[in-house]
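Each remark here refers to the structure printed beneath this line.
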Amino acid sequence: MTCQTYNLFVLSVIMIYYGHTASSLNLVQLQDDIDKLKADFNSSHSDVADGGPIIVEKLKNWTERNEKRIILSQIVSMYLEMLENTDKSKPHIKHISEELYTLKNNLPDGVKKVKDIMDLAKLQMNDLRIQRKAANELFSILQKLVDPPSSKRKRSHPQRRCNC
């Protein structure tokens with residue numbers, strides 16, 4: 001349980017990060033609720049600092065907004081899972097859970113994206129059948145890397161006027 005207590009700091013970061021986009025969030029109340037949650041988990045215990053942060057560090061590798069939304073979706077899901085195992089009769093836990101559910105509904109479903117990445121990592125690239133399929137798909141993959149999406153192309157080209 002002590003490993004989870006350090007994650008409460010990350011929960012604070014998520015709530016603050018989305019505070020500017022989710023105007024309905026009352027950050028002062030959430031901070032108070034998170035402080036109560038920290039007390040529930042005894043997060044001032046000395047072992048919380050051992051080994052450094054376990055979740056905040058992961059956010060450093062995700063720099064673009066859409067990337068961050070994917071990883072934050074996963075993190076919010078983790079916190080919701082963590083709160084499932086707590087006393088939901090406490091008002092502060094109920095409030096934090098409600099706010100996390102609201103945030104989760106505004107985030108993309110990162111589970112599918114993470115599963116796709118894991119499936120790619122599991123591909124046996126030394127398998128001849130996989131190599132054949134991969135070779136067959138290589139050109140279309142390269143096209144996706146080189147060609148900008150059609151929506152960007154349309155916006156980046158100025159409209160041509162008819163010289164009638």
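Each residue, glycine too, has its Cβ placed from N, Cα and C.
These features come from Swiss-Prot:
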type	residues	note
SIGNAL	1-19	signal peptide
CARBOHYD	ASN42	N-linked glycosylation site
CARBOHYD	ASN61	N-linked glycosylation site
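ASN61 (N-linked glycosylation site) is surrounded by 9 other CB atoms, counting those within 10 A of its CB over all protein chains shown. Taking the Cβ of ASN42 (N-linked glycosylation site) as centre and 10 Å as the limit, one finds 11 other Cβ atoms among all the protein chains shown. Mapped onto three states, the DSSP output places ASN61 (N-linked glycosylation site) in coil. Separation of the C-alpha atoms of ASN61 (N-linked glycosylation site) and ASN42 (N-linked glycosylation site): 29 Å, rounded to the nearest whole number. For the recorded site, ASN42 (N-linked glycosylation site), the DSSP three-state label reads coil.
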